[in-house]
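Some features that TrEMBL has for this protein:
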DOMAIN    B:19-539  domain 'Cytochrome oxidase subunit I profile'
TRANSMEM  B:46-70  transmembrane segment
TRANSMEM  B:90-114  transmembrane segment
TRANSMEM  B:126-144  transmembrane segment
TRANSMEM  B:209-235  transmembrane segment
TRANSMEM  B:255-280  transmembrane segment
TRANSMEM  B:327-352  transmembrane segment
TRANSMEM  B:402-422  transmembrane segment
TRANSMEM  B:477-500  transmembrane segment
TRANSMEM  B:588-607  transmembrane segment
TRANSMEM  B:663-687  transmembrane segment
TRANSMEM  B:768-790  transmembrane segment
TRANSMEM  B:811-834  transmembrane segment
Amino acid sequence: MSDLTRQIVAIARPGLTWAVHFVAIYALISASCAARAMIGHPTLVIAGGAVTVVAVAACLWSVFAPPAGGSTDLRRAAVWGGLVFALACVANASALFLFQGCGG
Amino acid sequence: MSVTETPTAYSGARKGEDKSFEGVWDTPTGLRKLSSVSHRVVGRRFIYTGFVFFLIAGVLALMVRTQLIVPGNTFLDLETYNQVFTMHGTLMMFLFAIPILEGFAVYLIPLMLGARDLIFPRLGQFGYYCYLFGGIIVLSSFLFDAAPDGGWFMYVPLSTKAHTPGLSADFWLIGITFAEIASVTAAVELITAILCARAPGMSLTKMPVFAWYILITAFMIAIGFPPLIIGSILLEAERLLALPFFDPMLGGDPLLWQHLFWLFGHPEVYIIFLPAAGMVATMLPTFVGKPLFGYGFAVAAVVTMGFISFGLWAHHMFATGLPILSLSLFSAASSMVAVPTAIQIFCFIATLASGRPRLTVPMLFILGFLSIFVIGGLTGVMLASVPFNWQAHDSYFVVAHLHYVLIGGMVFPLIGAFYYWAPHFTGRMMSERLGRWVFGLMFVGFNATFLLMHLTGLRGMPRRVATYAEGLGWDRLNMLSSIGSYILAAGIALFVFDFFRSRRHGPKAPRNPWGAGTLEWLYPPVAPGFNFHAIPPVESREPLWDQPELLEREAHEVDGVMHGIRDGRRETLGCDPVSGAPLYVLRLPHPTWIPMLAAAGLAILFGATLASAYWVCAVGGVIALAAFTLWAWEPSDSGVTRDAGMGHELPVNVVDKRAHMHVALVGTMLVLMALFASLIFGLLYLWNIRPDAAETVTRPGLVAAAVAVVAGIAVAVFGQFTRRTAVSDRNLGAMALSLLTAAAAVASAGALGLSLMPVDPWASALGATLWATGGFTGIVLFVLLYWALFNAARRLTRRTGPGQSMPDFNLATFAKGSGLMVVVAGAFFIAGAMGGVG
Ligand code: HEM
């Protein structure tokens, strides 16, 4: 893989991670709070917490280990993109920890 | 640098061997101009048609404002008012904003990237006619006194047959779905063009920032439009065939429509905003005289916005009773999207601060954009907060917010862009003096209309009301808003006048009139039929600033690859998607009527559905299929190499994963996957929220579903083997494997159908959605079957020579995608069969 390709991957990875994380949190909330109520609140919080830790780590990978070489502009894009997405993952999950149940 | 060796013969289509370079690229004249496929012609058509829709929608907006100018007004009756605001929103969102921006992209991208045309010119023409015909269908509803009146988001149950018995909702659903095909095809075309056809040396980092904006936008369209396409098809099926997707009595849910609509609707706002912001990012450096500040930041901002905008859809549904936890998730994402938006705005402000901006007309519009859009963004953050949202929901505050975002974020940059790029359309400059008046009128008029609406909304005036009583504190504000809208309209009218006036009387535009750095200004702006005699190697993002040799000579004398033409064909350079290194010579089609015919066939199909004339639908379908077949039947061009000059000996239309055909196919698969995923979302959603109704659904057949899964895997495996055999030029083997792929496709479709047999689609929403999922997979399998047979027929008739295995190469990718869909659908059916659907 060329330096440039690695940088493109480093830009795309946090975005894809955020997308997967968002879908996971949405699915967990739906599993817990819709009529079927498949999982309880503790499971929701634990599973949500776990995917968030993994997702934030994957996003920060681009921040702390951006691919060397290639273009400085794309490195900057990877670092800043990673940072914003890491923050966004935390924001996605924040309500799980602030609220005690589906109703707030 | 012209090529001198005697080329090897090739089996590609003979087109214009006796013609000069200019002759080959000539735009046909007279009526035959309609058959043109050039991006310049198609792009301009999108732009002009989009602007006409803008004017019509603008007149409708003025009718709304005239009705509301005084309390108790009777200028429009209640029904007409509903039609007028619905058509205003619909035309603006679907037929103006996105198509016109795509038009600019279609026009500018090849010029900026150093390509002679878009890669799929026929697709461009096809998309344009789909858009035109779709728009005509929607507009023609006025003629039948059946204009849609359910609001631009067509909520169910209001839009179901029970509550909207006439044809109005059908006009909306069918016309808009048709027009959306255009947006999706343009998206695939733009993705491929940006990734596969750039000047030598133009790596992704040296790409003009506009191309980044358009690339991300195109991906967003590919993923964002399918949910609405599926939603519209389901709703039309409910109206036409009484399938109960949204009927709560049979386990359906009106909120499913809202989810599907807003899964499209919110990203759409960013789909509208990002290209406009890309125009700003292109124009701003020209007037500041410095490159865009923080290219890397801008790229990060665009990418993050692109992703996060998909996580906001339910903030349009805050008042529907979703669980608080869901609301918080969407509220958080809605607030987070402000971060990349702000990063981007800071890039613009920092660019402004880095030099002394020239206050030209486009620059004024950029300043207008910055101030108005920032206010719209701030009221957006207010609305992202759930408690505030509940207060302001469906009030004029929301109308004010959405117009600040849409007009500030899109219309202002667009008018600025017209002033900036007008020389490309007319060869002349528009008036700086009139332009300032246009800006002044629009800026004052806009703020007078919409700033006050925030207040009207906070004072409690709901949106979508045809009139209001006196003395509620809304009278003065409404009067001023209406006067503001007339001032705004005067600005737009003056702009139209200036545009037409400048065509004849504007000063002739010199080469690179604004002193810009991007390649679209390399040639004098009066458009020839072609773009580059030779495609110059590019060393920076602003080649016209950093490579003075480009402007020192006449444009046609500039050095570059592919000087002249070979084999009498339209050609451009295919490149590596990441590094931009030259990879192959890309053959392009010449003017043709076939895409128009295909679009006309589809228009007949869609239009006849409205009239319930199903045999006419079939005729339309056959016309479209025949046109697509003719389109694809053309001889293949690959299998030979050519000297492209500057030391590049390149194959023609390379057979490779990086080839444009393959990249386009991956883009198409993305669209198909998004359509499929929307159906799976529907299945899971209905199953999850209505367990009681799910209990009542009969189980699908287990054995047949299991057979489908195996057949789906076979589809993928045979497809892959076809590719391998074809690439090594084993004609018979490739033909046999194509036929096996086709057989596996038939087996998959048959097994899925058999598995669904016990399920009654009319008895429950979940059953209907299971059938819709099976039906969609069946259509994909039909395409695969047709394609595999088509490839086999071409081999049988010796239309495929050595090295011409691209259709089989692509078939493998399509087969793998289709196989995956069959396996997923089969797995769902198995789950239903084993656990019981409930
Ligand atoms: C040119 C000046 C414009 C004026 C004076 C204007 C005026 C209005 C007004 C007064 C409404 C509210 C109608 C009601 O709720 O009863 C409205 C709704 C709307 N406008 Fe505009 N508008 C303009 C431009 C635009 C543009 C450029 C767009 C999009 C690109 C747009 C998109 C919409 C949408 C989506 C709605 C909501 C329609 C609905 O509720 O179904 N408008 N407009």
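Note that Cβ sites are derived from N, Cα and C of the backbone, with glycine treated the same way.
Predicted automatically and left uncurated, TrEMBL annotations should be read as such.
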Problem set entry | Local confidence of the domain 'Cytochrome oxidase subunit I profile' (B:19-539) - pLDDT mean | 94
Exercise. Near the transmembrane segment (B:46-70), which residues from the same chain, at least 6 beyond its ends, have a CB less than 8 A from one of its CBs?
Worked result: 76, 81, 84-85, 87-88, 91-92, 95-97, 99-100, 102-104, 106-107, 128, 131-132, 135, 139, 186, 425, 449, 466-468, 475, 478-479, 481-483, 485-486, 489, 492, 496
Problem set entry | Tertiary contacts of the transmembrane segment (B:768-790) (same chain, 6+ residues out, Cβ under 8 Å) | 233-234, 237, 243-245, 252, 629, 632, 672, 675-676, 679-680, 682-683, 686, 697, 700, 715, 719, 722, 738-739, 741-742, 745-746, 748-749, 752-753, 755-756, 759, 761-762, 807, 811, 814-815, 817-818, 821-822, 825, 828-829, 832, 837
Problem set entry | Spatial neighbours of the transmembrane segment (B:255-280) far in sequence, C-beta under 8 Å, 6+ residues away | 93, 97-98, 101-102, 104-105, 153-156, 209-210, 212-214, 216-217, 220-221, 223-228, 230-231, 234-235, 245-246, 302, 305-306, 309-310, 312-317, 320, 344, 348, 366, 369, 373, 405-406, 409-410, 413-414, 416-417, 420, 678, 681-682, 685-686
Exercise. Counting only residues 6+ away from its ends, which parts of the chain sit with a Cβ under 8 Å from the transmembrane segment (B:663-687)?
Worked result: 119-120, 184, 187-189, 191-192, 195-196, 218-219, 222-227, 229-231, 234, 245, 251-253, 256, 259-260, 263, 577, 693-694, 765-766, 769-770, 772-773, 776-777, 780, 810, 813-814, 817, 821, 824, 828, 837
Problem set entry | Remote residues contacting the transmembrane segment (B:209-235) - C-beta distance under 8 A, at least 6 residues beyond either end | 98, 101, 105, 108-109, 112-113, 154, 156, 159-160, 169, 173, 176-177, 180, 183-184, 186-188, 190-191, 194-195, 243, 245-246, 256-257, 259-261, 263-265, 267-268, 270-271, 274-275, 277-279, 281-282, 292, 295, 298-299, 302-303, 305-306, 309-310, 518, 541, 667, 670-671, 674-675, 677-679, 681-682, 769, 772
Exercise. Looking only at residues six or more beyond either end of the transmembrane segment (B:477-500), which have a C-beta under 8 A from one in the stretch?
Worked result: 55, 58, 61-62, 65-66, 68-71, 415, 418, 422, 426, 430-431, 434-435, 437-450, 452-453, 455-456, 459, 461, 468
